[in-house]
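Engineer: Sharing a structure with you now.
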Amino acid sequence: MTEKKYIVALDQGTTSSRAVVMDHDANIVSVSQREFEQIYPKPGWVEHDPMEIWASQSSTLVEVLAKADISSDQIAAIGITNQRETAIVWERETGKPIYNAIVWQCRRTADICEQLKRDGLEDYIRDNTGLVVDPYFSGTKVKWILDHVEGSRERAKRGELLFGTVDTWLIWKMTQGRVHVTDYTNASRTMLFNIHDLDWDDKMLDVLDIPRAMLPQVRKSSEVYGQTNIGGKGGTRIPIAGIAGDQQAALFGQLCVKEGMAKNTYGTGCFMLMNTGEKAVKSENGLLITIACGPSGEVNYALEGAVFMAGASIQWLRDEMKLISDAFDSEYFATKVKDTNGVYVVPAFTGLGAPYWDPYARGAIFGLTRGVNSNHIIRATLESIAYQTRDVLEAMQADSGIRLHALRVDGGAVANNFLMQFQSDILGTRVERPEVREVTALGAAYLAGLAVGYWQNLDELQEKAVIEREFRPGIETTERNYRYSGWKKAVKRAMAWEEHDK
């Protein structure tokens, strides 16, 4: 029998699909990536073609094995991680989508959400699903599809249509329609799932008029769901054995599996998650309660805060303001000045996320004086990412009663040493940057590997979690608090800007 040397992680993201092969030491052996089209039918609407998601993801799987000259019988298992909340509805019989995937960023269901608020459902939704009423989550997207595609609700009631988030869609396709499942982490992002009963919530299904017959079975994040023979020479069937939504996969990939451990992912936005163990901590501070993975993929809970503009604000400096020609230049220019000269940039281009949740806030620059130059604005924009992270962390510590001792970080912007040092300074806590930056794929690989015995337990994985660099606070508490109070003042003035116009 051929030795099972490798694990494959499929990382289906918002703009691209990736496949990553890892060996037993969690080293990356091979990577393949394909971008796909973003569809914008109207302002604020975002769609993907589900068939293109599938084509891009399946081709990266074939490609990544061919590239490394690996046959499918050398693969122990496949793990899947995915963009969360994005909703797909397809025909059970043909596997054909009845509409494009409605992407997590899409705001078309704002009216449905406003109606839910008018109907007094906010508290019920928060208490039972852990989420706020927002177009972000899948439930209102599914309702929209059933409302707008003729005859679809009746077909769904007859069991002819299926719903899934991206993980469910991929597994359905990989198993030729034999397996219709999701995991607890993805289910917890739909606004249809009761995170305490660990089952679909009948009241939410009733309110949104979504037939239970179309919903997938919900399973643990680490177990064998089915097998696929796609991707390899020799047609060996490979177990699909791990699923987690991208942020929960990153939390697991950073091995934040104990209560009080937290990670922040610095991508287009920031996503901070803190594991709260077996208890769902109620948030009084505008955070989401979501399901995360415990040490063997079982249900744990987490607090989650999303910042909308992190890397996106650096792109703004590059693309719209033309202050830098490359995102990497931001560190160089930020360190050419000793501080921001009193400037604060609030990058509320699309409103503010956690803990403010103000869709009417708008971007602003405060504290401008004659001596301010472009380097001060670049530095202040970078600092805004760290301030927003502190906003979320303060809310987490208040809700959980846990004082964070170290923050694990990942994502594109963590390569910026200035930002990471300032993050440590403004939090007053250690910031740990791992050697392997592909933590989302790593999380999916770990979940799959643990399910099939490729790795025995987490102790075996702890040795592989090497911290490449640790940043420690370098400023005094008084200085830290003074700077942060300036940020709070700036945010307050940027809030509710749009409402004044109306």
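Every residue, even glycine, has its Cβ placed from backbone N, Cα and C.
Marked as ADP binding site by Swiss-Prot on the basis of sequence analysis: Thr14, Arg18, Thr268, Gly311, Gly412, Asn416. If you look up Swiss-Prot, you'll see Thr14, Thr15, Ser16, Thr268, Gly311, Gln315, Gly412 marked as ATP binding site, on the strength of sequence analysis. Annotated sn-glycerol 3-phosphate binding site per Swiss-Prot: Thr14, Arg84, Glu85, Tyr136, Asp246, in sequence order, evidence recorded as sequence analysis. According to Swiss-Prot, the glycerol binding site annotation covers Arg84, Glu85, Tyr136, Asp246, Gln247.
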Engineer: When you put Arg84 (sn-glycerol 3-phosphate binding site) at the centre and draw a 10 Å sphere around its Cα, which of the binding-site residues Thr14, Gln247, Thr268, Gln315 have their Cα inside it?
Structural biologist: Thr14, Gln247
Engineer: Out of Thr15, Glu85, Gln315, Gly412, which of these binding-site residues is nearest Gln247 (glycerol binding site) by C-alpha distance?
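Structural biologist: Its closest listed neighbour, by Cα, is Glu85.
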Engineer: Compute the C-alpha separation of Glu85 (sn-glycerol 3-phosphate binding site) from Arg18 (ADP binding site), stating it in Å without decimals.
Structural biologist: 18
Engineer: If one looks at the chain holding Asn416 (ADP binding site), which residues at least 6 apart in sequence have a CB under 8 angstroms from its CB?
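Structural biologist: The answer is Phe328, Ser330, Glu331, Leu382.
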Engineer: Fill in the CA-CA distance, Ser16 (ATP binding site) to Thr268 (ADP binding site), as an integer in Å.
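Structural biologist: Counting only the Cα atoms, the answer is 14 Å.
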Engineer: Is it possible to get the count of other C-beta atoms within 10 angstroms of the C-beta of Thr268 (ADP binding site)?
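Structural biologist: Cβ-Cβ neighbours of Thr268 (ADP binding site) within 10 Å number 20.
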Engineer: Counting only residues 6+ apart in the same chain, whose Cβ is under 8 Å from the Cβ of Thr14 (ADP binding site)?
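Structural biologist: Residues satisfying the criterion: Gln83, Thr86, Val103, Trp104, Gln105.
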Engineer: Can you tell which of the binding-site residues Thr15, Tyr136, Asp246 lies nearest to Gly311 (ADP binding site) in space, using Cα positions?
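Structural biologist: Checked the binding-site residues Thr15, Tyr136, Asp246; minimum Cα distance to Gly311 (ADP binding site) goes to Thr15.
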Engineer: Identify, in sequence order, the residues in the chain of Gln315 (ATP binding site) that are 6 or more apart from it along the sequence and have a CB within less than 8 Å of its CB; answer 'none' if there are none.
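Structural biologist: Spatial neighbours, sequence-distant, of Gln315 (ATP binding site): Ala327.
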Engineer: Give the number of CB atoms, excluding that of Arg18 (ADP binding site) itself, located within 10 Å of its CB.
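Structural biologist: Taking all protein chains shown, Arg18 (ADP binding site) has 23 Cβ neighbours within 10 Å.
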Engineer: Any idea which of the binding-site residues Thr15, Ser16, Gln247 has the thinnest Cβ neighbourhood at 10 Å?
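Structural biologist: Output over binding-site residues Thr15, Ser16, Gln247: least Cβ neighbours within 10 Å is Thr15.
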Engineer: How would DSSP class Ser16 (ATP binding site) in three states?
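Structural biologist: Going by the DSSP assignment, Ser16 (ATP binding site) falls within a strand, counted as strand.
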Engineer: Can you give me the residues near the recorded sn-glycerol 3-phosphate site, meaning same chain, not Thr14, Arg84, Glu85, Tyr136, Asp246 themselves, Cβ no more than 8 Å from the center of the site's Cβ atoms?
Structural biologist: Asn82, Gln83, Thr86, Val103, Trp104, Arg189, Gly245
